[in-house]
Amino acid sequence: MSTEKEKMIAGELYRSADETLSRDRLRARQLIHRYNHSLAEEHTLRQQILADLFGQVTEAYIEPTFRCDYGYNIFLGNNFFANFDCVMLDVCPIRIGDNCMLAPGVHIYTATHPIDPVARNSGAELGKPVTIGNNVWIGGRAVINPGVTIGDNVVVASGAVVTKDVPDNVVVGGNPARIIKKL
């Protein structure tokens, strides 16, 4: 039988009140608090906190404030930058390629809930992974919804709400996001 953590990461219905998951969220919040209250010149400390949070050494640059659920489901490529107020709800994996930039206030969600009200009211939750390719720029206050894959060389316009997969080499914008230009 799978643990609640295994079910969560696999995108199956799970119970977020599980003791292990509650402990993991608390750990992430403590690390994020330290990160968000560190000084800009404390580069080594910030990199160590991110390594502890993500479970991998990264040269990512993330402006405080940053928020996530667990951290261990976030996988960042080389040369990653996130500006102020980035949120990543990582109940399922979030994979971001090389040379990606997130403008202020970008939110990436893997967390979702059952559509059926009986299932939703039972406390069960689920998630869907998000994958973002290489050389992607996501504009300010854009939202990437659960289950979305964004291709390489994509620009997501400010304020876009991405609800469906995005192919390579395009600019998308709007709510819901649609292709507005091919690159």
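Positions of Cβ are set from backbone N, Cα and C atoms, glycine also.
Swiss-Prot lists H113 with the feature active site, proton donor/acceptor. Within 10 Å of the C-beta of H113 (active site, proton donor/acceptor) there are 16 other C-beta atoms, taking all protein chains into account.
Within 10 Å of the C-beta atom of T163 (acetyl-CoA binding site) sit 15 other C-beta atoms, taking all shown protein chains into account. The acetyl-CoA binding site annotation in Swiss-Prot covers N83, G140, S158, T163, K164, R178, K181.
Per Swiss-Prot, site 'Transition state stabilizer' is recorded for N83, and the stated evidence type is similarity to another entry. The Cβ neighbour count for N83 (acetyl-CoA binding site), using a 10 Å radius and every protein chain shown, is 17. A coil conformation is recorded for N83 (acetyl-CoA binding site) in the three-state DSSP classification, outside any helix or strand.
Per the record's binding annotation for acetyl-CoA, residues N83, G140, S158, T163, K164, R178, K181 show a top Cα-Cα distance of 25 Å. Each residue contributes its Cα atom, and for S158 (acetyl-CoA binding site) and H113 (active site, proton donor/acceptor) these two points are 26 Å apart. Between the alpha carbons (Cα) of K164 (acetyl-CoA binding site) and H113 (active site, proton donor/acceptor) lies a span of roughly 17 Å.
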